[in-house]
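The structure under discussion appears below in the form of structure tokens.
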Amino acid sequence: MDTQAFKRSLHHSDRYNRRGFESPTKRAQALEKAYQSNLIGSIRDNGYLFEHGRLRVKLAEAFGFCWGVERAVAMAYETRRHYPKESIWITNEIIHNPSVNDHLRNMNVRFISAEKGIKNFSSVQEGDVVILPAFGATVQEMKLLHERGCHIIDTTCPWVSKVWHTVEKHKKHEFTSIIHGKVKHEETLATSSFAGTYLVVLDLEEAQYVANYILGKGDREEFLKRFSKASSQGFDPDRDLQRLGVANQTTMLKSETEEIGRLFEKTMLRKYGPAELTEHFLAFNTICDATEERQDAMFSLVDEPLDLLVVIGGFNSSNTTHLQEIAISRGIRSFHIDTPERIGDQENTITHKPLGDDLITEKNFLPEGNISVGITSGASTPDRVVEHVIHKLINLSEEKAFVD
């Protein structure tokens, strides 16, 4: 499919909207009323520091809702106001935050059901309104909805759209797109649908495996088996790894994406020499500013003298998971929670998700004596949720009893 031609056609349709329905001022006011926090605002004004009794809280200097998330959430809410009686669907979670998605359900916005990763659009009818989430949607989904006569409200983050343009550029010039991302993540699924030939690598280890193969140090059958679900149809590593362009899922760890880019540039330089490098490797810049800012702020936060660190965000949120990885890399006790309710009301307990593991409940997670707690949150977490977490910590810090 000529994805660029399809997008041009879609964007000119009177059933497609990517600008929303309300003025930026009204949109900001509605979002502020729903999610902003006076407490968090005052903590920002106080150098991101809050102290109460024996509790000292240090916030990361960049956290929470990014511009792309704010835009997507606001557009989703105003869509219901604009279409008060119509059937409204959304192709996936608007963002990876349970409270925001629950609010949409309460507004009678229905989520497209999926079984084993396959979405069922059979209930969506002509004239229905369908919201595309901040992560975007695959070009095949857009085409299906457009041909069915749906009204499409596109809240895709512009940074994600930028990555789509990058992989389309790769396709136009017959380069294979190496996509640094999680193969089942909604954003990576959407990005790969706009690519031509592509290969998804999860991390530096997988990228090194691919680089070794390029340099003649791999087994073809093993390669094909390893990337059978992470490559374009008919992918041939002997044919398709000769001309490479790099792109990424915008929420991946910035430093790792940059390292992967350098690895493939050096690999192609080694194989083809400096005179032919530009014929075999395309430089890239698809790292999201907001992701970069939050990760940089996290690196600064972990340099603080902290007893523990709380990372707030959806358990399926890629950008939140990478913030947790930074804390772990520094050996700091850290707890990834998705809602304030994971912290006990009176008992000194926290139910959290260790990296790559299931939920566990830890007793006596707040130590005795003075406590220094670092807090950050993913790009899909409202300030009001962070405020509720701080109130939970205040209450527990005032409690005397520890759990046996």
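Cβ from N, Cα, C; glycine included.
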HIS96, HIS185, SER317, SER318, ASN319 bind isopentenyl diphosphate per Swiss-Prot; candidate in SER23, SER255, SER380, SER397 listed for that same site: SER380
For CYS66 ([4Fe-4S] cluster binding site), nearby residues of its own chain (Cβ under 8 Å, 6 or more apart in sequence): CYS288, ALA290, THR291, ARG294, ALA379
Nearest-integer angstrom distance between the alpha carbons (Cα) of HIS96 (dimethylallyl diphosphate binding site) and CYS157 ([4Fe-4S] cluster binding site): 14
Least surrounded among the binding-site residues, given as HIS96, HIS185, when other CB atoms within 10 Å are counted: HIS185
Spatial neighbours of GLU187 (active site, proton donor), counting only the binding-site residues THR250, SER317, ASN319, SER380 and Cα distances within 10 Å: THR250
For SER318 (dimethylallyl diphosphate binding site), the number of other Cβ atoms found within 10 Å of its own Cβ: 24
